[in-house]
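Student: Following this message is one structure expressed as structure tokens.
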Amino acid sequence: MEKSKIQSDISDSMAKQEAKITYHDKATQTETEEEDTIEKILKAITTLCTKVDSMDNEIQKLKTNEDNLNSKASQQHDYKNAELRRSEDEKNQS
């Protein structure tokens, strides 16, 4: 009987140890999964920031192009007005 009790105690002890190892492995696995998730989130944020910066640069280029086109259009308008005034002045002097 004593031998059976010892074997039972050893068996119980081993089962508890296996349960601890399994729990520890699951905890480690959970930590690893959380680290992977955090890493994926950080990569996604980095990618988004890069894309936003790129879009900002593109917007600045478009605004500069728009300003240049507006400036050219204004210059052409001023040139046409000057031509019309000269033409009117010449008609009035004749």
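If you go along the chain as it appears here, the first residue is 1 and each next one adds 1.
Heads up, the Cβ atoms here are built off N, Cα and C, so glycines get one too.
Sharing the feature lines straight out of TrEMBL:
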REGION    1-34  region 'Disordered'
COMPBIAS  15-28  compositional bias 'Basic and acidic residues'
REGION    64-94  region 'Disordered'
COMPBIAS  75-94  compositional bias 'Basic and acidic residues'
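Let's see these features in context: how buried, what's close, how far.
Tutor: Only residues 6 or more beyond the boundaries of the region 'Disordered' (64-94), in the same chain, are considered here, and none has a CB under 8 A from a CB of the stretch.
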Student: Over the span of the compositional bias 'Basic and acidic residues' (75-94), count residues by DSSP class, listing helix, strand and coil in order.
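Tutor: Here the numbers are 19 helix, 0 strand, 1 coil.
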